[in-house]
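Positions annotated as transmembrane segment by TrEMBL: 53-70, 135-159, 165-187, 199-220, 226-252, 273-297, 317-338, 350-372, 392-411, 423-447, 453-472.
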Amino acid sequence: MSMEENNIPLLTSTKWEESPRSKASFDADEDDILPINGVKNFVKEFHYESKKLWYLAGPAIFTSLCQYSLGAVTQIFAGHVGTIQLAAVSIQISVIAGFSEGVLLGMGSALETLCGQAFGAKQIDMLGIYMQRSWIILTATALILMFLNIFATQILSLIGQQERIAQWAGQFSIWMIPMVFAYAFEFPIMKFLQAQSKIMTMAVIAGVSFATHAFLTWLVMLKLGWGLAAGAVVLNCSWWFMVVAKMMYIFWGSCGEAWSGFSWEAFKNLWAFVRLSLASGVMICLELWYFMSLILAAGYVKDAEIAVDATSICANIIGWTFMLCIGFNAAISVRVSNELGAGHPRRAKFSVLVVSITSLAIGALLTVLLILTRSQYPLLFTNNAQVQRMVYELTPVLGVTLFVNTLQPTLSGVAIGAGWQEYVAYVNIVCYYLIGIPLGLFLTFFVNWGMPGMWYGMLVGTTAQTSVLIWITARTDWDKEASVAGDRIKQLGGNKNVNVIDGYAIS
(Lines of atoms letter the chains of each structure in order from A and count residues from 1; the text may use other names and numbers.)
(Lines give C-alpha, C1' and ligand atoms only; values in the text may rest on other atoms or scores of the structure.)
Protein backbone atom coordinates (compact mmCIF):
# COMPACT_ATOMS: atom_id res chain seq x y z
CA MET A 1 0.00 0.00 0.00
CA SER A 2 1.36 3.45 -0.91
CA MET A 3 2.07 6.22 1.56
CA GLU A 4 -0.68 8.33 -0.01
CA GLU A 5 -3.25 5.68 0.84
CA ASN A 6 -2.21 5.74 4.48
CA ASN A 7 -2.16 9.53 4.79
CA ILE A 8 -5.59 10.05 6.34
CA PRO A 9 -6.23 13.56 7.75
CA LEU A 10 -6.25 13.95 11.52
CA LEU A 11 -9.57 15.78 11.42
CA THR A 12 -11.80 13.69 9.23
CA SER A 13 -15.35 14.77 8.54
CA THR A 14 -17.77 12.23 9.95
CA LYS A 15 -19.63 10.43 7.15
CA TRP A 16 -22.92 8.84 8.00
CA GLU A 17 -23.45 6.85 4.83
CA GLU A 18 -21.91 3.41 4.46
CA SER A 19 -18.34 3.61 3.25
CA PRO A 20 -16.68 1.20 0.80
CA ARG A 21 -14.46 0.40 3.78
CA SER A 22 -16.98 -1.77 5.50
CA LYS A 23 -17.14 -2.74 9.12
CA ALA A 24 -15.33 -5.90 8.14
CA SER A 25 -12.15 -3.83 8.01
CA PHE A 26 -12.33 -3.46 11.78
CA ASP A 27 -12.87 -6.22 14.31
CA ALA A 28 -13.92 -5.13 17.79
CA ASP A 29 -11.68 -6.28 20.61
CA GLU A 30 -12.86 -9.51 22.24
CA ASP A 31 -13.20 -7.68 25.58
CA ASP A 32 -15.91 -5.41 24.13
CA ILE A 33 -19.41 -5.60 25.59
CA LEU A 34 -21.68 -8.23 24.04
CA PRO A 35 -24.94 -7.12 22.39
CA ILE A 36 -27.59 -6.34 25.04
CA ASN A 37 -30.08 -9.19 25.38
CA GLY A 38 -33.20 -8.46 27.42
CA VAL A 39 -34.18 -6.04 30.17
CA LYS A 40 -32.24 -7.85 32.91
CA ASN A 41 -29.02 -7.69 30.90
CA PHE A 42 -29.65 -4.00 30.11
CA VAL A 43 -30.15 -3.12 33.78
CA LYS A 44 -27.00 -5.03 34.75
CA GLU A 45 -24.85 -3.30 32.14
CA PHE A 46 -26.48 0.09 32.88
CA HIS A 47 -25.57 -0.24 36.56
CA TYR A 48 -22.01 -1.29 35.72
CA GLU A 49 -21.50 1.63 33.31
CA SER A 50 -23.15 4.11 35.70
CA LYS A 51 -20.62 3.25 38.41
CA LYS A 52 -17.78 3.98 35.98
CA LEU A 53 -19.34 7.28 34.91
CA TRP A 54 -20.03 8.51 38.45
CA TYR A 55 -16.53 7.49 39.54
CA LEU A 56 -15.26 9.99 36.97
CA ALA A 57 -18.06 12.56 37.09
CA GLY A 58 -18.29 13.02 40.89
CA PRO A 59 -14.73 14.23 41.51
CA ALA A 60 -14.79 16.14 38.19
CA ILE A 61 -17.88 18.08 39.34
CA PHE A 62 -16.20 18.87 42.67
CA THR A 63 -13.03 20.01 40.89
CA SER A 64 -14.99 22.26 38.53
CA LEU A 65 -16.92 23.83 41.40
CA CYS A 66 -13.70 24.55 43.33
CA GLN A 67 -11.98 26.11 40.33
CA TYR A 68 -15.08 28.13 39.40
CA SER A 69 -15.30 29.37 43.00
CA LEU A 70 -11.74 30.76 43.12
CA GLY A 71 -12.73 33.80 41.08
CA ALA A 72 -16.12 34.00 42.81
CA VAL A 73 -14.47 34.24 46.25
CA THR A 74 -12.21 37.05 45.04
CA GLN A 75 -15.30 38.86 43.70
CA ILE A 76 -17.15 38.45 46.99
CA PHE A 77 -14.34 39.94 49.07
CA ALA A 78 -13.78 42.68 46.48
CA GLY A 79 -17.42 43.65 47.06
CA HIS A 80 -16.64 44.18 50.75
CA VAL A 81 -13.74 46.47 49.81
CA GLY A 82 -15.86 48.76 47.61
CA THR A 83 -18.31 48.93 44.72
CA ILE A 84 -15.73 50.07 42.18
CA GLN A 85 -13.44 47.22 43.24
CA LEU A 86 -16.27 44.72 42.79
CA ALA A 87 -17.07 46.06 39.33
CA ALA A 88 -13.41 45.95 38.32
CA VAL A 89 -12.86 42.36 39.49
CA SER A 90 -16.16 41.17 38.00
CA ILE A 91 -15.41 42.64 34.58
CA GLN A 92 -11.81 41.41 34.56
CA ILE A 93 -12.80 37.86 35.49
CA SER A 94 -15.84 37.64 33.20
CA VAL A 95 -14.50 39.50 30.15
CA ILE A 96 -10.68 39.55 30.06
CA ALA A 97 -9.86 36.37 32.01
CA GLY A 98 -13.02 34.69 30.74
CA PHE A 99 -11.95 35.16 27.13
CA SER A 100 -8.46 33.76 27.78
CA GLU A 101 -9.81 30.86 29.83
CA GLY A 102 -12.27 29.93 27.08
CA VAL A 103 -9.57 29.90 24.40
CA LEU A 104 -7.01 27.95 26.43
CA LEU A 105 -9.52 25.50 27.94
CA GLY A 106 -10.91 24.82 24.49
CA MET A 107 -7.49 24.27 22.92
CA GLY A 108 -6.44 22.09 25.86
CA SER A 109 -9.49 19.90 25.27
CA ALA A 110 -7.70 18.37 22.27
CA LEU A 111 -5.93 16.21 24.86
CA GLU A 112 -9.26 14.67 25.87
CA THR A 113 -9.38 13.10 22.42
CA LEU A 114 -5.71 12.22 22.00
CA CYS A 115 -4.74 11.16 25.53
CA GLY A 116 -8.00 9.29 26.06
CA GLN A 117 -7.70 7.29 22.85
CA ALA A 118 -3.97 6.64 23.35
CA PHE A 119 -4.63 5.40 26.90
CA GLY A 120 -7.38 3.09 25.67
CA ALA A 121 -5.06 1.75 22.95
CA LYS A 122 -2.34 1.03 25.55
CA GLN A 123 -0.05 3.63 23.94
CA ILE A 124 0.62 4.94 27.44
CA ASP A 125 4.01 6.47 26.65
CA MET A 126 2.37 8.91 24.21
CA LEU A 127 0.36 10.71 26.91
CA GLY A 128 3.34 12.65 28.23
CA ILE A 129 4.39 13.58 24.67
CA TYR A 130 0.90 14.87 23.90
CA MET A 131 0.82 16.92 27.12
CA GLN A 132 4.19 18.52 26.31
CA ARG A 133 2.98 19.41 22.81
CA SER A 134 -0.08 21.02 24.32
CA TRP A 135 2.11 23.00 26.75
CA ILE A 136 4.12 24.34 23.80
CA ILE A 137 1.03 25.38 21.82
CA LEU A 138 -0.89 26.83 24.77
CA THR A 139 2.12 28.76 26.10
CA ALA A 140 2.56 30.36 22.67
CA THR A 141 -1.16 31.20 22.69
CA ALA A 142 -0.89 32.65 26.22
CA LEU A 143 1.86 35.00 25.03
CA ILE A 144 -0.65 36.42 22.55
CA LEU A 145 -3.56 36.52 25.01
CA MET A 146 -1.34 38.33 27.52
CA PHE A 147 -1.82 41.51 25.49
CA LEU A 148 -5.52 41.48 26.42
CA ASN A 149 -4.42 42.02 30.03
CA ILE A 150 -1.83 44.64 29.09
CA PHE A 151 -4.32 46.70 27.08
CA ALA A 152 -7.41 45.85 29.15
CA THR A 153 -8.15 49.50 30.01
CA GLN A 154 -8.21 50.52 26.36
CA ILE A 155 -10.23 47.45 25.32
CA LEU A 156 -12.87 47.97 28.02
CA SER A 157 -13.14 51.68 27.20
CA LEU A 158 -13.57 50.79 23.53
CA ILE A 159 -16.56 48.53 24.23
CA GLY A 160 -18.26 51.22 26.30
CA GLN A 161 -17.30 50.60 29.93
CA GLN A 162 -17.16 53.58 32.26
CA GLU A 163 -13.70 55.12 32.33
CA ARG A 164 -13.18 54.66 36.07
CA ILE A 165 -14.22 51.00 35.99
CA ALA A 166 -12.04 50.40 32.93
CA GLN A 167 -9.01 51.89 34.68
CA TRP A 168 -9.47 49.81 37.84
CA ALA A 169 -10.11 46.64 35.83
CA GLY A 170 -7.06 47.41 33.67
CA GLN A 171 -4.82 47.72 36.73
CA PHE A 172 -6.20 44.47 38.13
CA SER A 173 -5.64 42.78 34.75
CA ILE A 174 -1.93 43.60 34.81
CA TRP A 175 -1.63 41.77 38.11
CA MET A 176 -3.51 38.80 36.62
CA ILE A 177 -1.06 38.08 33.77
CA PRO A 178 0.55 35.09 35.61
CA MET A 179 -2.84 33.37 35.73
CA VAL A 180 -3.00 33.29 31.92
CA PHE A 181 0.16 31.17 31.86
CA ALA A 182 -1.18 29.03 34.71
CA TYR A 183 -4.13 28.18 32.43
CA ALA A 184 -1.68 27.13 29.69
CA PHE A 185 -0.19 24.47 31.97
CA GLU A 186 -3.22 23.58 34.11
CA PHE A 187 -5.68 22.63 31.37
CA PRO A 188 -3.37 20.13 29.57
CA ILE A 189 -2.45 18.59 32.94
CA MET A 190 -6.16 18.20 33.75
CA LYS A 191 -6.83 16.37 30.49
CA PHE A 192 -3.68 14.24 30.92
CA LEU A 193 -4.84 13.05 34.35
CA GLN A 194 -8.48 12.68 33.30
CA ALA A 195 -7.52 10.29 30.50
CA GLN A 196 -5.97 8.00 33.13
CA SER A 197 -9.01 8.36 35.43
CA LYS A 198 -6.84 10.02 38.11
CA ILE A 199 -9.76 12.29 38.98
CA MET A 200 -9.58 11.98 42.77
CA THR A 201 -6.08 13.46 42.84
CA MET A 202 -7.34 16.51 40.97
CA ALA A 203 -10.28 16.88 43.35
CA VAL A 204 -8.06 16.79 46.46
CA ILE A 205 -5.67 19.39 45.03
CA ALA A 206 -8.57 21.64 43.95
CA GLY A 207 -10.19 21.35 47.38
CA VAL A 208 -6.98 22.30 49.20
CA SER A 209 -6.44 25.19 46.79
CA PHE A 210 -9.98 26.52 47.30
CA ALA A 211 -9.88 26.30 51.11
CA THR A 212 -6.47 28.02 51.27
CA HIS A 213 -7.55 30.62 48.73
CA ALA A 214 -10.68 31.57 50.68
CA PHE A 215 -8.71 32.08 53.90
CA LEU A 216 -5.81 34.00 52.34
CA THR A 217 -8.12 36.23 50.30
CA TRP A 218 -10.07 37.17 53.42
CA LEU A 219 -6.79 37.79 55.26
CA VAL A 220 -5.11 40.07 52.73
CA MET A 221 -8.15 41.93 51.39
CA LEU A 222 -10.25 42.44 54.52
CA LYS A 223 -8.19 41.75 57.63
CA LEU A 224 -4.96 43.39 56.44
CA GLY A 225 -6.59 45.77 53.95
CA TRP A 226 -4.02 45.30 51.21
CA GLY A 227 -6.57 45.76 48.42
CA LEU A 228 -7.04 44.33 44.94
CA ALA A 229 -3.36 43.82 44.18
CA ALA A 230 -3.05 41.43 47.13
CA GLY A 231 -6.22 39.63 46.06
CA ALA A 232 -4.76 39.21 42.57
CA VAL A 233 -1.55 37.75 43.98
CA VAL A 234 -3.52 35.21 46.02
CA LEU A 235 -5.65 34.25 43.00
CA ASN A 236 -2.52 33.77 40.88
CA CYS A 237 -0.89 31.70 43.62
CA SER A 238 -4.00 29.51 43.99
CA TRP A 239 -3.94 28.58 40.30
CA TRP A 240 -0.18 28.06 40.26
CA PHE A 241 -0.45 25.91 43.40
CA MET A 242 -2.71 23.53 41.48
CA VAL A 243 -0.27 23.48 38.56
CA VAL A 244 2.81 22.81 40.70
CA ALA A 245 1.06 20.23 42.91
CA LYS A 246 -0.09 18.23 39.88
CA MET A 247 3.33 18.51 38.24
CA MET A 248 4.96 17.10 41.38
CA TYR A 249 2.42 14.27 41.39
CA ILE A 250 3.27 13.48 37.76
CA PHE A 251 7.04 13.94 37.94
CA TRP A 252 7.42 11.76 41.04
CA GLY A 253 6.32 8.71 39.08
CA SER A 254 2.66 8.43 40.02
CA CYS A 255 1.64 8.14 36.36
CA GLY A 256 3.99 5.30 35.43
CA GLU A 257 4.72 5.00 31.71
CA ALA A 258 2.50 7.99 30.93
CA TRP A 259 5.34 10.30 32.00
CA SER A 260 8.90 9.33 31.08
CA GLY A 261 10.43 12.81 31.16
CA PHE A 262 10.77 15.70 28.74
CA SER A 263 11.35 14.70 25.14
CA TRP A 264 12.21 16.33 21.81
CA GLU A 265 9.37 14.20 20.38
CA ALA A 266 7.05 16.91 21.70
CA PHE A 267 8.20 19.20 18.87
CA LYS A 268 7.20 16.72 16.14
CA ASN A 269 3.83 16.71 14.36
CA LEU A 270 2.98 20.06 15.92
CA TRP A 271 0.86 21.26 12.99
CA ALA A 272 -1.56 18.33 13.17
CA PHE A 273 -1.77 18.92 16.91
CA VAL A 274 -2.39 22.65 16.35
CA ARG A 275 -5.28 21.86 14.01
CA LEU A 276 -7.07 19.70 16.56
CA SER A 277 -6.32 22.24 19.32
CA LEU A 278 -7.77 25.07 17.23
CA ALA A 279 -10.86 23.02 16.38
CA SER A 280 -11.34 22.21 20.07
CA GLY A 281 -10.82 25.86 21.01
CA VAL A 282 -13.36 27.12 18.51
CA MET A 283 -15.91 24.49 19.53
CA ILE A 284 -15.66 25.25 23.27
CA CYS A 285 -15.46 29.05 22.87
CA LEU A 286 -18.55 29.18 20.67
CA GLU A 287 -20.45 27.40 23.44
CA LEU A 288 -19.05 29.48 26.33
CA TRP A 289 -19.58 32.83 24.61
CA TYR A 290 -23.10 32.03 23.43
CA PHE A 291 -24.83 32.82 26.72
CA MET A 292 -22.56 35.80 27.37
CA SER A 293 -24.39 37.51 24.50
CA LEU A 294 -27.58 37.39 26.59
CA ILE A 295 -26.17 39.84 29.13
CA LEU A 296 -24.82 42.08 26.37
CA ALA A 297 -28.25 42.17 24.72
CA ALA A 298 -29.94 42.89 28.06
CA GLY A 299 -28.05 46.18 28.25
CA TYR A 300 -29.93 47.52 25.21
CA VAL A 301 -33.55 46.73 26.10
CA LYS A 302 -36.05 48.93 27.92
CA ASP A 303 -35.33 49.12 31.67
CA ALA A 304 -31.84 47.85 30.96
CA GLU A 305 -30.75 47.77 34.60
CA ILE A 306 -33.66 45.50 35.56
CA ALA A 307 -33.08 43.32 32.49
CA VAL A 308 -29.35 42.96 33.15
CA ASP A 309 -29.93 42.03 36.80
CA ALA A 310 -32.63 39.46 35.96
CA THR A 311 -30.62 37.98 33.11
CA SER A 312 -27.53 37.79 35.32
CA ILE A 313 -29.48 35.83 37.93
CA CYS A 314 -30.70 33.37 35.29
CA ALA A 315 -27.20 33.13 33.80
CA ASN A 316 -25.85 32.44 37.30
CA ILE A 317 -28.20 29.49 37.67
CA ILE A 318 -27.16 28.16 34.27
CA GLY A 319 -23.51 28.66 35.27
CA TRP A 320 -23.81 26.57 38.42
CA THR A 321 -25.75 23.91 36.53
CA PHE A 322 -23.05 23.94 33.88
CA MET A 323 -20.50 22.97 36.54
CA LEU A 324 -22.55 19.82 37.10
CA CYS A 325 -22.65 19.17 33.37
CA ILE A 326 -18.89 19.66 33.02
CA GLY A 327 -18.42 16.62 35.25
CA PHE A 328 -20.46 14.47 32.86
CA ASN A 329 -18.73 16.10 29.90
CA ALA A 330 -15.34 15.05 31.28
CA ALA A 331 -16.59 11.59 32.26
CA ILE A 332 -18.12 10.68 28.90
CA SER A 333 -15.16 12.16 27.03
CA VAL A 334 -12.82 9.86 28.96
CA ARG A 335 -15.11 6.83 28.58
CA VAL A 336 -15.64 7.26 24.82
CA SER A 337 -12.01 8.04 24.02
CA ASN A 338 -10.72 5.17 26.20
CA GLU A 339 -13.14 2.63 24.73
CA LEU A 340 -12.57 3.72 21.12
CA GLY A 341 -8.82 3.61 21.64
CA ALA A 342 -9.13 0.13 23.15
CA GLY A 343 -11.19 -1.08 20.18
CA HIS A 344 -14.49 -1.35 22.10
CA PRO A 345 -17.06 0.39 19.86
CA ARG A 346 -20.12 -1.24 21.48
CA ARG A 347 -18.97 -0.22 24.97
CA ALA A 348 -18.41 3.36 23.73
CA LYS A 349 -21.92 3.45 22.24
CA PHE A 350 -23.49 2.07 25.43
CA SER A 351 -21.61 4.65 27.53
CA VAL A 352 -23.21 7.39 25.45
CA LEU A 353 -26.67 5.90 26.05
CA VAL A 354 -26.15 5.64 29.82
CA VAL A 355 -24.81 9.17 30.27
CA SER A 356 -27.59 10.60 28.07
CA ILE A 357 -30.32 8.94 30.15
CA THR A 358 -28.63 10.07 33.37
CA SER A 359 -28.24 13.65 32.14
CA LEU A 360 -31.88 13.89 31.01
CA ALA A 361 -33.09 12.54 34.37
CA ILE A 362 -31.04 15.14 36.26
CA GLY A 363 -32.19 17.86 33.87
CA ALA A 364 -35.85 16.95 34.39
CA LEU A 365 -35.40 17.01 38.17
CA LEU A 366 -33.70 20.42 38.13
CA THR A 367 -36.34 21.86 35.78
CA VAL A 368 -39.24 20.73 37.97
CA LEU A 369 -37.48 22.02 41.10
CA LEU A 370 -36.83 25.41 39.49
CA ILE A 371 -40.42 25.86 38.32
CA LEU A 372 -41.87 24.79 41.69
CA THR A 373 -39.71 27.36 43.52
CA ARG A 374 -39.90 30.22 41.00
CA SER A 375 -41.64 32.46 43.56
CA GLN A 376 -38.96 31.80 46.18
CA TYR A 377 -35.51 31.44 44.57
CA PRO A 378 -35.35 35.02 43.16
CA LEU A 379 -35.42 36.26 46.78
CA LEU A 380 -31.99 34.70 47.31
CA PHE A 381 -30.48 37.04 44.72
CA THR A 382 -32.29 40.37 45.03
CA ASN A 383 -34.71 42.47 47.06
CA ASN A 384 -35.90 44.41 44.00
CA ALA A 385 -39.52 43.51 43.23
CA GLN A 386 -39.19 44.33 39.51
CA VAL A 387 -36.16 42.07 39.14
CA GLN A 388 -37.93 39.30 41.04
CA ARG A 389 -40.93 39.64 38.73
CA MET A 390 -38.81 39.40 35.57
CA VAL A 391 -36.95 36.35 36.90
CA TYR A 392 -40.35 34.78 37.71
CA GLU A 393 -41.50 35.41 34.13
CA LEU A 394 -38.27 34.01 32.66
CA THR A 395 -38.33 30.85 34.79
CA PRO A 396 -40.36 28.61 32.41
CA VAL A 397 -38.03 29.23 29.47
CA LEU A 398 -35.07 29.05 31.86
CA GLY A 399 -36.29 25.64 33.04
CA VAL A 400 -36.53 24.30 29.49
CA THR A 401 -33.07 25.74 28.80
CA LEU A 402 -31.72 23.91 31.85
CA PHE A 403 -33.25 20.64 30.64
CA VAL A 404 -31.71 20.97 27.18
CA ASN A 405 -28.40 22.18 28.60
CA THR A 406 -27.92 19.11 30.78
CA LEU A 407 -27.79 16.93 27.66
CA GLN A 408 -25.91 19.33 25.35
CA PRO A 409 -22.57 19.38 27.27
CA THR A 410 -22.74 15.60 27.56
CA LEU A 411 -23.05 15.22 23.80
CA SER A 412 -20.23 17.74 23.37
CA GLY A 413 -18.15 15.45 25.59
CA VAL A 414 -18.97 12.58 23.23
CA ALA A 415 -17.78 14.74 20.32
CA ILE A 416 -14.51 15.51 22.10
CA GLY A 417 -13.96 11.86 23.00
CA ALA A 418 -14.51 10.82 19.39
CA GLY A 419 -12.51 13.69 17.88
CA TRP A 420 -15.36 15.47 16.06
CA GLN A 421 -14.39 18.98 17.25
CA GLU A 422 -14.06 20.54 13.81
CA TYR A 423 -17.42 19.25 12.64
CA VAL A 424 -19.21 20.36 15.83
CA ALA A 425 -17.60 23.82 15.58
CA TYR A 426 -19.42 24.30 12.26
CA VAL A 427 -22.65 23.06 13.83
CA ASN A 428 -22.23 25.59 16.67
CA ILE A 429 -21.67 28.47 14.26
CA VAL A 430 -24.86 27.69 12.32
CA CYS A 431 -27.14 26.85 15.27
CA TYR A 432 -25.89 29.47 17.72
CA TYR A 433 -24.79 32.44 15.67
CA LEU A 434 -26.85 32.11 12.48
CA ILE A 435 -30.08 30.87 14.10
CA GLY A 436 -30.20 31.43 17.88
CA ILE A 437 -28.81 34.94 18.30
CA PRO A 438 -30.42 36.51 15.17
CA LEU A 439 -33.81 35.00 16.11
CA GLY A 440 -33.43 36.25 19.69
CA LEU A 441 -32.57 39.78 18.54
CA PHE A 442 -35.52 39.75 16.13
CA LEU A 443 -37.99 38.66 18.83
CA THR A 444 -36.53 41.12 21.34
CA PHE A 445 -36.30 44.30 19.30
CA PHE A 446 -38.62 43.85 16.30
CA VAL A 447 -41.45 41.82 17.84
CA ASN A 448 -40.96 43.70 21.15
CA TRP A 449 -40.98 40.61 23.35
CA GLY A 450 -38.19 42.02 25.50
CA MET A 451 -35.78 39.67 27.28
CA PRO A 452 -38.11 36.64 27.02
CA GLY A 453 -37.75 37.00 23.24
CA MET A 454 -33.96 36.83 23.52
CA TRP A 455 -34.22 33.73 25.70
CA TYR A 456 -36.60 32.02 23.26
CA GLY A 457 -34.24 32.71 20.38
CA MET A 458 -31.27 31.36 22.31
CA LEU A 459 -33.28 28.30 23.34
CA VAL A 460 -34.13 27.57 19.70
CA GLY A 461 -30.42 27.73 18.84
CA THR A 462 -29.44 25.43 21.71
CA THR A 463 -32.23 22.98 20.88
CA ALA A 464 -31.17 22.94 17.22
CA GLN A 465 -27.55 22.27 18.17
CA THR A 466 -28.52 19.51 20.61
CA SER A 467 -30.82 17.92 18.02
CA VAL A 468 -27.99 17.84 15.47
CA LEU A 469 -25.65 16.26 18.03
CA ILE A 470 -28.30 13.63 18.84
CA TRP A 471 -28.67 12.87 15.13
CA ILE A 472 -24.89 12.64 14.65
CA THR A 473 -24.48 10.36 17.67
CA ALA A 474 -27.40 8.13 16.68
CA ARG A 475 -26.07 7.72 13.12
CA THR A 476 -22.47 7.11 14.12
CA ASP A 477 -20.72 3.95 12.94
CA TRP A 478 -18.82 3.22 16.15
CA ASP A 479 -16.73 0.47 14.53
CA LYS A 480 -15.50 3.02 12.04
CA GLU A 481 -14.79 5.55 14.82
CA ALA A 482 -12.65 2.95 16.61
CA SER A 483 -10.69 2.52 13.38
CA VAL A 484 -10.22 6.28 13.01
CA ALA A 485 -9.07 6.49 16.64
CA GLY A 486 -6.35 3.94 15.95
CA ASP A 487 -5.22 5.86 12.87
CA ARG A 488 -5.16 9.15 14.79
CA ILE A 489 -2.89 7.62 17.44
CA LYS A 490 -0.54 6.27 14.75
CA GLN A 491 -0.37 9.58 12.88
CA LEU A 492 0.68 11.45 16.01
CA GLY A 493 3.46 9.05 16.93
CA GLY A 494 1.91 6.13 18.81
CA ASN A 495 2.74 3.45 16.27
CA LYS A 496 3.43 0.52 18.55
CA ASN A 497 1.44 -2.63 17.74
CA VAL A 498 -0.62 -0.84 15.12
CA ASN A 499 -1.41 -2.57 11.84
CA VAL A 500 -2.75 -0.66 8.86
CA ILE A 501 -5.52 -2.37 6.91
CA ASP A 502 -7.09 -0.64 3.92
CA GLY A 503 -6.16 2.77 5.25
CA TYR A 504 -7.25 2.12 8.84
CA ALA A 505 -4.98 1.61 11.81
CA ILE A 506 -5.90 -1.28 14.04
CA SER A 507 -4.28 -1.54 17.47
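Cβ atoms are placed via backbone N, Cα and C, with glycine included.
Only residues 6 or more beyond the boundaries of the transmembrane segment (423-447), in the same chain, are considered here, and those with a CB under 8 A from a CB of the stretch are 13-14, 279, 282-283, 286-287, 290, 293, 297, 300-301, 412, 415, 453-462, 464-465, 468-469, 472. Among 226-252, 317-338, 392-411, 453-472, 317-338 has the largest number of CB pairs under 8 A with the transmembrane segment (53-70). For the transmembrane segment (226-252), the residues of the chain that approach it from at least six positions outside its boundaries are 67, 70-71, 74, 77-78, 81, 85, 88-89, 168, 171-172, 175-176, 178-179, 182-183, 185-186, 189-190, 192-193, 201-202, 205-206, 208-210, 212-213, 216-217, 220, 258-259, judged by C-beta separation under 8 angstroms.
Nonlocal intrachain contacts for the transmembrane segment (392-411), taken as residues 6+ away from its ends with a CB within less than 8 angstroms of a stretch CB, comprise 287, 310-311, 314, 317-318, 321-322, 324-326, 328-329, 332, 355-356, 359-360, 362-364, 366-368, 370-371, 374-375, 378, 451-452, 455-456, 458-459, 462-463, 465-466, 469-470, 473.
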